[in-house]
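Below: one structure, written as structure tokens.
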Amino acid sequence: MGSCFSSRVKADIFHNGKSSDLYGLSLSSRKSSSTVAAAQKTEGEILSSTPVKSFTFNELKLATRNFRPDSVIGEGGFGCVFKGWLDESTLTPTKPGTGLVIAVKKLNQEGFQGHREWLTEINYLGQLSHPNLVKLIGYCLEDEHRLLVYEFMQKGSLENHLFRRGAYFKPLPWFLRVNVALDAAKGLAFLHSDPVKVIYRDIKASNILLDADYNAKLSDFGLARDGPMGDLSYVSTRVMGTYGYAAPEYMSSGHLNARSDVYSFGVLLLEILSGKRALDHNRPAKEENLVDWARPYLTSKRKVLLIVDNRLDTQYLPEEAVRMASVAVQCLSFEPKSRPTMDQVVRALQQLQDNLGKPSQTNPVKDTKKLGFKTGTTKSSEKRFTQKPFGRHLV
């Protein structure tokens, strides 16, 4: 935990997919109703319409027991997250173990990029309210101190439950994986909806937090930005996000729109299905990138079962894995216009959840109908993999 108490700035705009953030660092939030202030979310100021509490630095010192090392529950490139306690009615510090449990993210004092993302987090999460966005309770801006205060998410990040091995982190059961995927999809669909129109830009397992009942919520809005939606796109001169998750068109040209988030969500679905990280340099070279490794298995319903996390054993029906893979395949279309909207993804995953444990009339293991990806040679620089358009029904 020593790195929490030393100066550290983000070394690169892009960070790799392997995160050590126990709390999905840059925790996160929700707020206000389904309306968003029309004011421009500037990089230089906190919007006056942001209805969250402004804490003093001393209040948060008291709430976290003076930011003691044993209060640390997560750390990352921008700082550390501490566990604390507030009185539920007054939001004033209270003794440990009583009142409202909170998570306090303390920004490292160096780095303008970190400050900008801190402001972005407040100005988005202070305006948005949805069951699948982590709640932002307040912030502190005092002298050189910048902190964010969130609701405490008891089960930590999805990353821990998918990838960590050991007695404490049991493999996430299949039905919970489906529930988490649906919750995350609902949160992302809300961000893309009218009048919100927000591009999240950093969907990944470490940014999905789980409460005591394993309800999933999106966190870390430091890279979020307004629209555009539909077929319109921004051209960004600074590509930001996480290797392994970012859409190919965004990586190659900086073109960014809501369908870029959809691609990243497809990568997340593959992680949920396989129990493997989007990018892992500890795997053999041909298996480092999850999408590239999974592509040959996603050509048919029979082969797709070979990529399912073997720790799940007999918890799932074959057609359930096929349906999740089918959603992932279509999200991962190389052509952005061929990807589904997040509303379509929500409907597909809702259907999957509603039918868990109900065998279908056909046997998908014997059915070798193509799921979508086509094999064959393409330009290596493009790494193309094509698929059928997202139709009325996924499978």
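Glycine residues also receive a Cβ, built from the backbone N, Cα and C atoms like all the rest.
Looking up Lys10, Lys41, Lys217, Lys301 in Swiss-Prot shows the ubiquitin cross-link annotation sitting on Lys41. If you compare Thr35, Thr299 in Swiss-Prot, the phosphothreonine annotation sits on Thr35.
When Tyr150, Tyr245, Tyr263 are looked up in Swiss-Prot, the one carrying the note phosphotyrosine is Tyr150; the rest have no such note there, which does not rule it out for them. Within the list Ser6, Ser129, Ser260, the entry that Swiss-Prot describes as phosphoserine is Ser129.
Swiss-Prot marks one residue of Ser7, Ser157, Ser252, Ser300 as phosphoserine, namely Ser252. The modified residues considered are Thr64, Ser71, Ser89; of these, Ser89 has the fewest other C-beta atoms within 10 angstroms of its C-beta.
When secondary structure is read from DSSP and collapsed to three states, Lys186 (ubiquitin cross-link) falls in the helix class. Nearest neighbour of Lys186 (ubiquitin cross-link) by Cα distance, taken over the recorded positions Thr64, Ser89, Lys358: Lys358.
Looking only at the recorded positions Ser89, Lys95, Lys170, the one with its C-alpha closest to Ser71 (phosphoserine) is Lys95.
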